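Peer 1: Encoded as C-alpha cells, here's the structure I'll be asking about.
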Amino acid sequence: MLGQMMRNQLVIGSLVEHAARYHGAREVVSVETSGEVTRSCWKEVELRARKLASALGKMGLTPSDRCATIAWNNIRHLEVYYAVSGAGMVCHTINPRLFIEQITYVINHAEDKVVLLDDTFLPIIAEIHGSLPKVKAFVLMAHNNSNASAQMPGLIAYEDLIGQGDDNYIWPDVDENEASSLCYTSGTTGNPKGVLYSHRSTVLHSMTTAMPDTLNLSARDTILPVVPMFHVNAWGTPYSAAMVGAKLVLPGPALDGASLSKLIASEGVSIALGVPVVWQGLLAAQAGNGSKSQSLTRVVVGGSACPASMIREFNDIYGVEVIHAWGMTELSPFGTANTPLAHHVDLSPDEKLSLRKSQGRPPYGVELKIVNDEGIRLPEDGRSKGNLMARGHWVIKDYFHSDPGSTLSDGWFSTGDVATIDSDGFMTICDRAKDIIKSGGEWISTVELESIAIAHPHIVDAAVIAARHEKWDERPLLIAVKSPNSELTSGEVCNYFADKVARWQIPDAAIFVEELPRNGTGKILKNRLREKYGDILLRSSSSVCE
C-alpha cells in the first residue's frame with residue numbers, strides 16, 4: 001500500500017523561488033572585479049534568473065544543453081546558477097586556474113553550447129575560442145564593452161541578454177532526476193573528470209548541509225562562501241543559502257586576508273567557508289591590524305586538513321568555532337562535518353582540540369566505511385587505517401561520458417583516501433592513498449606531519465612527501481616555505497618534531513623553497529615534488545635529523 005502524500009519534485013528552481021517568496025528582501029551582496037559593492041535581494045535574483053532563463057531559451061537552448069561559466073563569486077554568477085539549472089539545462093562551472101589546455105578539454109568534453117565569462121577571463125577564452133567547435137555563443141557577464149568586443153567579435157553583453165528575457169517566464173516542470181550541474185575534478189593526474197549532479201541530489205545535499213550538526217544554517221545567518229563557485233558549486237552554499245533564506249555575501253576576486261577581514265566586518269558575516277590557506281591569510285591580517293570581527297561565529301574548513309594550531313587560534317583568540325569538514329567533487333562535496341556529540345561536552349580543552357582535528361561524522365545521506373586492499377571491511381576502532389569508501393544520495397554513480405558501471409565497486413565509491421573511523425563514526429583522513437608513506441612496513445601520515453610543520457612559527461606552508469630510501473623503501477621528506485627573514489635551519493625543523501611524533505616518523509630531511517606548486521583548486525601538487533625531490537635521500541649519506 002502506498003502512502004497518500006504529495007510528491008513534489010526536488011528541483012533547483014524551487015530553491016530560489018522559495019527564497020524570493022518567503023525571504024525576498026534578504027540581501028545578496030556582491031563584490032565586483034572593480035572592488036565596487038553591489039546590493040540586491042533574493043526577490044531580484046529570482047526575477048533576473050527567470051529573465052535570463054527565458055533569454056537562453058530564445059537563443060535556441062533546450063533542456064540538458066550545457067552552459068559553461070568561468071567567473072568569480074558574484075551576483076551574475078548566482079543568477080546564472082539558477083537560470084540555467086532552473087530551465088532544465090546544465091550549469092557547467094569551469095575552474096579558471098586549470099591549465100589552458102585543460103579548460104579547452106573540459107569545454108569540449110562537456111559539449112558546452114554557451115560560455116558565460118567574467119571580463120577577467122576574457123584573455124583565456126579569446127585565446128581558445130577557435131578551438132571550441134560546439135560553443136554557439138559567448139556571453140560577457142558585464143555591460144557592453146567595446147574593448148572586449150574587439151578581442152572577440154560577436155561577444156554578447158550579459159545585461160543585453162537579460163533585457164531580452166520575459167518577466168513573466170515561469171520555471172518549467174523538470175524531473176528531479178535530470179542533470180542540473182556539472183563540475184570537473186582538478187585533474188592532478190590525467191584529464192579532469194566530469195561529475196554530473198542531479199536536481200534531487202543537489203536539493204538533498206542542501207537540506208543536509210543546513211542541518212544543526214552540519215553547518216547549522218538559518219535565515220538569521222550571513223553566509224560568506226570564500227570557496228569559489230567554480231569549486232564544487234562553492235560547496236553548495238548558493239543553494240543552501242536560498243533554502244534557508246540567509247543573507248549571502250559573494251566576495252569577488254579579492255580573497256586576501258585584509259579584504260576578507262574588512263568584508264566580514266562590514267557585512268556582519270556569521271559563517272564563512274574556505275580552504276586552510278585562506279584562513280591563514282585572514283588570521284595573519286587580523287593579527288597584523290588587531291581587528292576582531294564581532295559577528296563571525298564559525299568558519300568551515302575543507303579542501304585539505306585543518307592544522308590544530310588554526311583551530312586553537314580561531315577559538316582561543318577570536319571565539320570562533322571551526323567546523324572541520326571533508327568532501328570531494330564526487331560527493332557534491334560534503335561527506336562529513338565535525339560537530340561534537342553530547343558526551344563530548346565534558347572533555348578537557350586538549351581532548352576537544354584532538355577531537356576537532358578529525359574531519360567529523362557523515363550526516364544522514366552519506367555512509368562511509370574503510371576496507372583493506374582486498375576489500376575486507378576494517379573495524380571502526382579509531383586505529384585501523386584503510387581505504388575510505390562512500391555511498392549516498394549525493395555520491396557519484398558514474399563519471400560523465402564514462403563507461404557505465406566503471407566507477408563504483410560493489411555499490412561503493414573509492415575516495416582514494418586512507419582514513420580511520422572511530423566507534424562514534426568520526427572519520428580522520430590519514431592521507432591520500434597515493435601520498436601515504438610506507439616506511440619499513442609502517443604507514444606514516446603526511447597530513448599529520450604537515451599539520452605539525454605549519455604550526456611552527458617560522459613556517460608558512462609545508463608539504464611532506466615519500467622520498468625513496470635504500471633501507472626503508474620510503475622516508476618522509478619535508479618541503480617548507482619559511483616566513484620572511486627567518487633563519488630557520490633544516491636541523492631545527494626536524495628537531496621540532498622530536499616530542500610530537502615517534503622517532504621513526506620524524507622527517508629525514510627538510511628542504512626550503514620559495515613556494516609550493518598547487519593545482520587549480522589550491523591542492524599541493526605532490527607528484528611534482530616527488531619528481532623533483534623523490535631521490536634526494538638516495539643521494540645523501542645520512543639523515544639531516546640524525
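A Cβ is built for glycine as well, from the same backbone N, Cα and C atoms used for every other residue.
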Peer 1: Based on Swiss-Prot, name the residue from Asp256, Asp417, Asp461 that is recorded for the same ATP site as Trp235, Thr329, Lys434, Lys438, Trp443.
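Peer 2: Looking through Asp256, Asp417, Asp461, the residue Swiss-Prot assigns to the ATP site is Asp417.
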Peer 1: Please work out the number of neighbouring Cβ atoms within 10 Å of the Cβ of Trp235 (ATP binding site), leaving out its own Cβ.
Peer 2: 26
Peer 1: In DSSP terms, helix, strand or coil for Lys434 (ATP binding site)?
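Peer 2: It is coil.
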Peer 1: Long-range same-chain neighbours of Trp443 (ATP binding site), Cβ under 8 Å, sequence gap at least 6?
Peer 2: Lys385, Val418, Cys430, Asp431, Ile436, Ile437
Peer 1: Which one is it: of the binding-site residues Trp235, Thr329, Lys438, whose Cα lies the shortest distance from the Cα of Thr185 (Mg(2+) binding site)?
Peer 2: Thr329
Peer 1: I'd like the Cβ neighbour count for Asp417 (ATP binding site), meaning other Cβ atoms within 10 Å of its Cβ, all protein chains included.
Peer 2: 25
